Structures are given as C-alpha cells and as structure tokens.
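Asks: The structure is given below, and queries will be raised subsequently.
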Amino acid sequence: MGCFPCFGSGGKGEAKKGGGGRKDGGSADRRVARVGSDKSKSQGGLDSRKDAFIPRDANGQPIAAHTFTFRELAAATKNFRQDCLLGEGGFGRVYKGHLENGQAVAVKQLDRNGLQGNREFLVEVLMLSLLHHDNLVNLIGYCADGDQRLLVYEFMPLGSLEDHLHDIPPDKEPLDWNTRMKIAAGAAKGLEFLHDKANPPVIYRDFKSSNILLGEGYHPKLSDFGLAKLGPVGDKTHVSTRVMGTYGYCAPEYAMTGQLTVKSDVYSFGVVFLELITGRKAIDNTKPLGEQNLVAWARPLFKDRRKFPKMADPLLAGRFPMRGLYQALAVAAMCLQEQAATRPFIGDVVTALSYLASQTYDPNTPVQHSRSNASTPRARNRVGANFDQRRLHSPNHQQSPDLRKEGTTTSKYEAEVSRTNSGSGSGRRAGLDSMDVTGSQMGSPAHAGRKRESSRSTDRQRAVAEAKTWGENSRERKWPNARGSFDSTNE
C-alpha cells in the first residue's frame with residue numbers, strides 16, 4: 001500500500017503515546033500520510049530495509065507504537081518455544097511472552113510466506129496505533145528487523161470467543177446466556193467505534209468469532225486488523241476492493257461485487273451473534289448438507305417463531321429467558337438481511353444489545369414456554385418492534401408494497417410508538433405486552449379472574465418501565481432510515 005489517506009479522530013482527547021493504556025472513545029488527532037513508497041513492494045517480497053516498513057505520521061515521525069528488536073521478542077517468548085505457542089493460522093503463529101518489565105504479551109510472528117504480508121502488517125500497526133477504545137485490542141508494539149515481522153499485543157487470558165463456543169471439552173463450562181449477551185454488546189461497541197467515531201470510518205472486514213479476544217470477566221476486544229479498510233467518504237456510498245475475509249462471514253453483496261460498506265460488517269456481526277445464540281459454527285462441514293452454512297440454516301427458521309426455542313444452543317440446557325431469545329434472534333435476523341440497505345446501523349444494534357445485556361437472567365429460573373408467546377401477533381418482541389417503527393417511518397418503506405401488505409400492523413405500530421415515546425398509555429397496548437397471561441384453570445372463576453388481573457398488573461408495570469428505557473434510547477439517537485422490509489418479524 002503506497003498511500004494511506006488522511007486518518008483523523010472523531011474524539012477530542014489525544015491518545016496516549018507509547019504502549020500504555022487506551023482511552024475509551026478517543027483516537028489520535030494526527031493524520032497519516034504515507035506508510036510506504038511502493039505498492040508492489042508492500043504486497044510482494046519482504047524488504048530487508050527496516051525503515052521502509054516503519055509507519056510514519058504526516059510529519060515523517062514514527063508512530064507511537066513501541067519498536068522491539070527481534071532479540072527482545074525472542075527472549076520474551078523463550079526463543080519461540082513450543083510450550084509458549086498459543087495458536088497458529090494462515091498468517092503465522094502467536095506466542096505468549098513476558099517483557100522485561102514482567103508484562104504478559106501475545107506475540108504474533110508473521111509467516112514470511114503466509115497470508116498476511118507487508119501491507120496487512122502495516123495496516124494493522126497503523127490501525128491499532130491510531131485507534132483507541134476499550135473494545136479494541138491494545139497494540140503494545142511491533143518488530144520489523146530485517147525480514148522479521150512481529151506484532152506485540154496485550155495478553156488476553158481467556159483466548160478467543162471461538163474457543164468458548166465450538167468444540168468445547170466436556171470438563172469446560174459453556175458460556176451462560178448473560179455472558180453471551182455481554183460479549184455481543186461489547187463487540188458491537190468496538191465495531192460502532194470503528195464505524196461512527198473514527199474519521200473517516202473504518203470497515204473491519206474480518207469480523208468473526210476467532211478475532212474476538214476475551215479478557216478478565218469475558219471482556220471482549222476486536223483483534224487482527226490486517227484486512228481493515230477506510231470506509232467511503234464524501235458522496236461515495238462504498239469502497240471497491242478485492243474480496244477478502246472468511247467464508248461464512250462475508251456479506252453477500254461484498255462477496256459478489258467487491259463493494260464494501262459498513263453494512264458489510266453488520267452482516268458479519270449478525271453471523272457471530274447467531275453463533276453466540278445457537279452455538280453453531282458459521283460453516284460446519286460435519287453437519288447435514290442443508291445445515292452446513294449457519295445463515296442458510298437459520299433463514300427459514302426466522303420465519304416461524306415456534307421454532308425459535310430450538311435454535312438456542314443445546315449447551316444452554318434451557319437456561320435462557322424465552323423473551324430474550326426472541327429479541328436476540330430478531331436482532332440477528334435484521335443484521336443478516338440480504339439487502340445491505342435494510343440492515344440496521346451498528347449504533348442501533350448497540351442500543352438493542354445493551355438493553356439485552358442489562359436484562360440479567362437467573363440461570364436457576366426454569367424456562368416458561370407460553371402457549372401464545374410463540375404463535376400470536378401479540379408475542380412480537382420489543383426489540384423487533386423498535387427496529388420496525390424506525391423502518392415504518394422511512395419514506396422509502398412507506399412507498400413500498402410491503403407496507404401495504406402489512407396492513408393494520410402499520411397503524412398499530414405507529415400508535416404504539418407514539419404512546420411509548422410520549423410516556424402515556426397503559427403500557428399494555430404500547431406494544432410491550434409480549435408475554436401473554438394465562439389464567440389459572442383451577443378454582444373458582446372469581447379466583448381465576450383475580451389471578452389474571454394481578455398478573456396483568458405486574459406485566460403492565462414491567463412494560464411501562466421497559467417502554468421508558470426504549471423511549472429514552474430512541475430520543476437520544478437519530479434513527480436512520482432503512483429501505484425495504486423484514487418479513488420474518490412481521491409474520
């Protein structure tokens with residue numbers, strides 16, 4: 001890559017220099033003008049001149065990341081011993097090491113003949129040196145001695161999300177529902193920072209479960225920025241590039257045309273979120289032919305809410321909130337829409353998942369399957385309704401045939417949203433009474449009536465409280481317009 005266009009900050013604070021801590025919500029104010037002089041060099045063979053691969057800012061000064069010698073990193077990893085090996089892939093190997101100050105680090109040694117070349121090495125150093133957020137992995141430094149290319153990260157003790165979802169040994173406890181929602185919300189915040197805070201926006205392009213690393217308390221951080229691209233600026237709607245990424249996670253429009261947008265990342269996020277919910281791999285060749293692709297398996301199930309409970313990860317053993325499952329699947333389905341324009345922006349996904357993550361579930365509470373919860377229109381989840389109300393007010397959607405097909409549902413949602421945002425109404429008719437009340441079939445009719453009224457009163461109080469939460473969120477955010485419709489949540 002011969003030229004790296006202007007890369008500025010959407011935040012006010014200036015990033016700390018060196019390999020120190022990262023400041024949430026801020027990014028560097030500097031602009032990067034050049035990372036190399038010859039595109040063919042950066043993509044081709046390795047240059048022995050170290051200076052040719054040191055990223056520099058607009059003033060020609062090396063960027064803030066610490067520069068290590070190969071000797072220092074060899075000592076940190078005990079000369080790259082096998083017992084320090086954390087993992088390996090097409091890019092090379094990752095080792096655990098300890099710096100002279102005792103700090104634990106992860107050292108990624110790039111394979112000189114591997115998939116990640118000099119261009120990807122430079123991009124990753126640049127991105128992680130200039131972007132600072134609590135949900136992005138911290139780059140401590142790098143090494144460009146001779147033909148050696150190494151990256152030094154903070155050590156993430158719990159490994160990757162993939163390690164906790166797939167091929168789990170019998171003696172390992174699977175992730176519970178609360179932790180899964182927490183990881184999803186945190187990863188979405190990292191993606192939101194790249195899309196909305198970085199200026200120009202950054203498209204991650206390789207969002208997958210193996211690139212989400214977990215720290216103490218299962219705190220998620222995005223890693224591996226070698227494929228990241230600067231997003232479109234000005235009047236441009238997309239950037240065109242050769243198709244890169246991982247099969248099973250790539251958005252269909254990007255895979256077919258090479259046209260990349262932030263919505264391409266949203267699709268990839270939907271795949272990972274579906275992995276969290278179902279426990280299935282994005283691509284699993286051990287499954288029957290029709291179930292090998294996770295998204296292809298899930299699409300028909302999205303249209304039948306009665307099948308939603310069967311989509312939950314069997315390792316959860318039923319320990320999840322039924323309503324939370326419906327809401328989570330609605331968010332995943334919206335992210336996975338085939339048309340990029342109809343997917344939500346990641347900021348909207350963050351709002352929805354922050355709500356889901358705040359609704360902690362007691363794993364000792366048995367799952368209650370409501371008869372009407374899976375089949376009646378009243379069982380529509382609130383997260384889906386929240387996205388739908390923004391879509392219904394879109395001028396493009398109001399002119400679409402799908403709007404006419406929805407019929408009375410449209411006016412119902414408009415009335416519900418109006419009452420929700422104004423804080424008026426009983427709460428039950430604000431689209432938030434998704435859990436139907438089943439009266440007691442035992443005892444006298446009067447007794448059954450009292451039980452139903454008491455239960456409905458409790459539901460109303462809960463609905464009003466949650467309506468206020470959604471109302472405040474929607475007022476604080478400018479909801480984007482989306483074109484098209486989402487049939488699976490309208491059925």
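A Cβ is built for glycine as well, from the same backbone N, Cα and C atoms used for every other residue.
The annotation region 'Disordered' is assigned in Swiss-Prot to 1-55, 361-380, 385-491. The compositional bias 'Basic and acidic residues' feature in Swiss-Prot is assigned to 13-54, 402-417, 451-465. The domain 'Protein kinase' annotation in Swiss-Prot covers 80-356 and rests on sequence analysis. Sequence annotations record features per position, and here Swiss-Prot assigns ATP binding site to Leu86, Gly87, Glu88, Gly89, Gly90, Phe91, Gly92, Arg93, Val94, Lys108. Feature annotation from Swiss-Prot assigns active site, proton acceptor to Asp206; the stated evidence is sequence analysis. If you look up Swiss-Prot, you'll see Ser240 marked as phosphoserine. Annotation comment: Swiss-Prot describes Thr241, Thr246 as phosphothreonine, evidence class experimental evidence. The annotation compositional bias 'Polar residues' is assigned in Swiss-Prot to 361-378. Annotation source Swiss-Prot lists compositional bias 'Low complexity' at 418-429.
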Asks: So of all those recorded positions, Glu88, Gly92, Asp206, which one's Cα sits nearest to Thr246 (phosphothreonine)?
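Replies: Comparing Cα positions, the closest of these recorded positions turns out to be Asp206.
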Asks: What's the CA-CA gap between Thr241 (phosphothreonine) and Asp206 (active site, proton acceptor) in angstrom, rounded?
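Replies: Approximately 14 Å lies between the Cα of Thr241 (phosphothreonine) and that of Asp206 (active site, proton acceptor).
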Asks: What is the separation, in Å, between the Cα atoms of Gly92 (ATP binding site) and Asp206 (active site, proton acceptor)?
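Replies: That separation, Cα to Cα, works out to 17 Å.
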Asks: Could you state the CA-to-CA distance between Asp206 (active site, proton acceptor) and Leu86 (ATP binding site) to the nearest Å?
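Replies: Rounded to a whole number, the Cα-Cα distance is 20 Å.
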Asks: Might you list, by sequence position, any residue in that chain lying six or more from Leu86 (ATP binding site) with a Cβ less than 8 Å away from its Cβ?
Replies: Val94, Tyr95, Lys96, Ala106, Gly159
Asks: Excluding near sequence neighbours, so keeping only residues 6 or more apart in the same chain, what lies with its CB under 8 A of Glu88 (ATP binding site)?
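Replies: Listed in sequence order: Val94.
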Asks: Averaging the per-residue pLDDT over the domain 'Protein kinase' (80-356), what integer do you get?
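Replies: Mean pLDDT for the domain 'Protein kinase' (80-356): 91.
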Asks: Could you say whether, by DSSP, Thr241 (phosphothreonine) belongs to a helix, a strand or a coil region?
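Replies: The residue in question, Thr241 (phosphothreonine), is coil (DSSP, three-state).
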Asks: Determine the minimum-neighbour residue: among Thr241, Thr246, listed as modified residues, which Cβ has the fewest other Cβ atoms within 10 angstroms?
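Replies: Thr241, out of the modified residues Thr241, Thr246, has the fewest neighbouring Cβ atoms within 10 Å.
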Asks: Using DSSP reduced to three states, classify Leu86 (ATP binding site) as helix, strand or coil.
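Replies: In three-state terms, Leu86 (ATP binding site) counts as strand.
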